[in-house]
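Taken verbatim from Swiss-Prot:
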type: DOMAIN; residues: 5-240; note: domain 'ABC transporter 1'
type: BINDING; residues: Gly37, Glu38, Asn39, Gly40, Ala41, Gly42, Lys43, Ser44; note: ATP binding site
type: DOMAIN; residues: 253-497; note: domain 'ABC transporter 2'
Amino acid sequence: MAAALRFDNIGKVFPGVRALDGISFDVQAGQVHGLMGENGAGKSTLLKILGGEYQLDSGSVLVDGRAMRFPSAAASIAAGVAVIHQELQYVPDLTVAENLLLGRLPSALGWVRKRDAQRFVRERLAAMGVDLDAQAKLRRLSIAQRQMVEICKALLRNARVIALDEPTSSLSHRETEVLFKLVDDLRRDGRALIYISHRMDEIYRLCDACTIFRDGRQVASHASLANVPRETLVRQMVGREISDIYHYAPRALGDVRLSARALEGDALRAGASFDVRAGEIVGFFGLVGAGRSELMRVIYGAQRRTGGALMLDGEPLDIRSTRDAIRRGIVLCPEDRKEEGIVAHASVAENINISCRRHGLRAGLFLDRKREAETADRFIKLLKIKTPNRRQKIRFLSGGNQQKAILARWLAEPDLKVVILDEPTRGIDVGAKHEIYGVIYELAKRGCAIVMVSSELPEVLGVSDRIVVMREGRIAGELARGEANEEAVLNLALPQGATAHAA
């Protein structure tokens, strides 16, 4: 019997880069096949070929034994294939129901029957165990909720082949469990699934088989993971041993650099108060909706401050805009890289230099292109940013390399004082994480106060000098590195009455 999906010697070349070279593996009906590899290894490129976004240069894709060409996303969908990319695709001003039924809304005489659409979507969401308001507009939903909409869209199309690219990167523990149940149900229903994740726990929990990519090549395939140690997968992914991904080392701390006192914003239920010292890394942990990102955006001037006070190096700090924050040496690497972090149509060099340009104007008026080129080349080499050259459009880089470019932007700032990192390694592979942690430590050694928001508890525990836990829009507690462990942090993060054991 033919495999539900087969990749046969797939090749893809971009200018200056061989993105895929000789990729061959099968996915059976009723199987979850994991794909692992560093950012830029070619995993997402393969899914874009499967989804009709890119055209392959060599090889073939077979669905149920038939060779297929997907000149468009519509052709892929018509063949029973659904690809859910890490960078979500939705219409922000349409409702959940309208996004889910886009292109096939029920109508009569040319008029869309919205009530019928909403009822149908509510029934299907309930059957899938997903708690979403069918009438809510997508722009009002969290990133986690938008991701669930994309997953539900594939299920509503009854796709027989489903590819998921980092589907849990923004999901809460509860939402992740809902997704896992859906994946298990789809496997039992005989669907073929491709599952890309950098999270080892997910790969071992869900996947029947696994293929490893490195630098566009297929370096290993495992028909079963039952007897494959995690260390083997890491070594195959990165081509080297990584014994301690966090490589934490204590450092000398300076005086208090950033102080928040009774800070309030539209999404913060109680005044938030905390300090961060020069050279200190303070991790902020909390469940989805705890208010961490909202607090960071208030500090950065991206959201309105309704009360409380900020101080920088002991002096009152009045920030009314993000421009004010940057001028005072406070920067933010946002959670949503695509929408808020990068300038997608600009080059890697332009993205790195976009903030520090004001320091390097010739005669106070003209851009110093030579200086910008040297700055970009220096950080591309220092941070090992995978790009053909500094002129490459940043949108063509992997998520991990885009994040490195954003960090390079702030490393190039001469007067940096506070760095806020919101989910700095979301959707990034283990090798790139290792390198990004090194950048964070380097910023701390320079005397920057580092505030790191992360939903990955091992990361918070592994990198932070101190941990602040948020719950339901307020600070629930604080733990020193020496007293912090998973149970202690979760007991602060969970709603009152729940315990870490219950989670």
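Glycine too: its Cβ is placed from the backbone N, Cα and C atoms.
The shown structure was predicted, so the numbers you read here are calculated from the model rather than taken from an experiment.
Comparing local CB density within 10 A for the binding-site residues Asn39, Ser44, the maximum falls on Ser44. All protein chains shown were included, and the count of other CB atoms within 10 Å of the CB of Lys43 (ATP binding site) stands at 29. For the recorded site, Gly37 (ATP binding site), the DSSP three-state label reads strand. Within 8 Å of the centroid of the Cβ atoms of Gly37, Glu38, Asn39, Gly40, Ala41, Gly42, Lys43, Ser44, where the record puts ATP, the same chain has further Cβ atoms from Thr45, Phe213, Ser398, Asp429. Non-local neighbourhood of Glu38 (ATP binding site): Arg214, Met237, Val238, Gly400, Asp429, Val430, Gly431, Ala432, each in the same chain, at least six residues away, with C-beta under 8 Å from its C-beta. Cβ neighbour count for Gly42 (ATP binding site) (all protein chains, 10 Å cutoff from its Cβ): 26.
Summed and averaged per residue, pLDDT over the domain 'ABC transporter 1' (5-240) gives 87. Proximity of Gly40 (ATP binding site) to non-local residues of its own chain (separation of 6 or more, Cβ distance below 8 Å) is seen for Asp215, Lys386, Leu397, Ser398, Gly400, Asn401, given in sequence order. Taken residue by residue with DSSP, Gly42 (ATP binding site) is part of neither helix nor strand, so it is coil. Within 10 Å of the C-beta atom of Gly37 (ATP binding site) sit 27 other C-beta atoms, taking all shown protein chains into account.
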